Amino acid sequence: MNLLTGRNMVERSSKFLFIVVGSVLFMLILYQYVAPGMMNFGSPHGYMLEDDADLFPTPDPHYVKKFYFPIRDLERTVDFEIKGDDVIVFLHIQKTGGTTFGRHLVQNVRLEVPCDCRPGQKKCTCYRPNRKETWLFSRFSTGWSCGLHADWTELTNCVPGVLNKKESRMKNQRKFYYITLLRDPVSRYLSEWRHVQRGATWKTSLHMCDGRTPTPEELPPCYEGTDWSGCTLQQFMDCPYNLANNRQVRMLADLSLVGCYNMSFIPEKKRAQVLLESAKKNLRDMAFFGLTEFQRKTQYLFERTFRLKFIRPFMQYNSTRAAGVDLDNDTIQRIEELNDLDMQLYDYARDLFQQRYMYKRQLERREQRLKNQPLFPFRRTSSSDSTFRDDAPESEGSRLPTEDYMNHIINRW
């Protein structure tokens, strides 16, 4: 009798244990089935991959690639050591939205030790967590230490020496990660014209190259007097020395290759070709670049490149001074001709940017699927993977003139 009673108790315990285990497994599978995207088992570097689904647009499955880029040009994840000697260097091209992005770098990055930005001061202190040395070289951290809107030629020759002087010691082990923003050339050109029309000059820019600044003969002014305020668009376009023409190519290229600002160094056609190819190479080799017209994708690529997370999402604002300019087709064509090198560079950069975004998103999703597959083989694909699309402001097919959005962002913050 006792033997039968013991056997019954064992059978009941086994059944109870089976029911409990089965219920737990069923609930886990059901949870994954009805609520995919709700569970996160700790993505690397603090990324909430599933939560990002609503923030970052899906790559266009119908996007047609224009250029071939090997994997080494698409993969842009760097081992940025903020506690080491690594430095991010921001090359700020005029009227590309760089003011907004620069503010993001000093005010909107989630850091162990945030940048110290005090009211009334133009610069923030961005120290490493473990010592009083800067990890960021930019307008809002170190100021215009290499000159106002210093270009690639100036920065690469100036930054190491400036940091050695600031930190009072020589360092040969620093890694410099150059970053920049590009913008649709016509929109950028119009924005610069409106800025100059209001009195901006940038005449304190050094334009240092091969150890010297350009002579007045090499770089004649477009106007007489203190500024060019009130100039018409026609006057702006008519000046052959206007640095607004092809500004993005000039600021990204190695000017030493073409004799700096000496136009007689090599023939004009050869000079243009060398500048364009140099700008493409330097852009391709940079740790990161973004496009003003694609704020969310720019945020995504920066975060994945440096494994740094922004606190608040980037906003896409398209109501700018450039947007309010009504132009006829002839004027637009003339601006495109004056900025032919920039048009070619932007076409190249936009394709590289989109391919990098697609590559990184696909890689991330593959990693997520592999991570979830062993645990939940019956998991249904998240509907968010196929339903969310590019947000309207990041339209692929139209020109979206965007520039400095800080007033909007400050109000929202």
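Note that Cβ sites are derived from N, Cα and C of the backbone, with glycine treated the same way.
What Swiss-Prot records for this protein:
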ACT_SITE  His149  active site, proton acceptor
BINDING   92-100, Arg183, Ser191, 315-317, 321-322  3'-phosphoadenylyl sulfate binding site
REGION    374-401  region 'Disordered'
TOPO_DOM  9-15  topological domain 'Cytoplasmic'
TRANSMEM  16-36  transmembrane segment
Counting all other Cβ atoms within 10 Å across every protein chain shown, which of the binding-site residues Gln94, Thr100, Ser191 scores highest? Ser191
Compute the C-alpha separation of Gln94 (3'-phosphoadenylyl sulfate binding site) from His149 (active site, proton acceptor), stating it in Å without decimals. 7
Looking only at the binding-site residues His92, Thr96, Gly98, Thr100, Ser191, the residue listed as 'active site, proton acceptor' has its closest CA neighbour at His92
Could you tell me the mean pLDDT over the topological domain 'Cytoplasmic' (9-15), as a whole number? 60
For Ser191 (3'-phosphoadenylyl sulfate binding site), what is the secondary structure state per DSSP, taken as helix, strand or coil? helix
Taking the Cβ of Gln316 (3'-phosphoadenylyl sulfate binding site) as the centre, how many other Cβ atoms fall within a 10 Å radius? 18
Sequence-ordered list of residues in the chain of His92 (3'-phosphoadenylyl sulfate binding site) that lie 6 or more positions away and have a Cβ within less than 8 Å of its Cβ, or none, is Gly98, Thr99, Gly102, Ser138, Arg139, His149, Thr180, Leu181
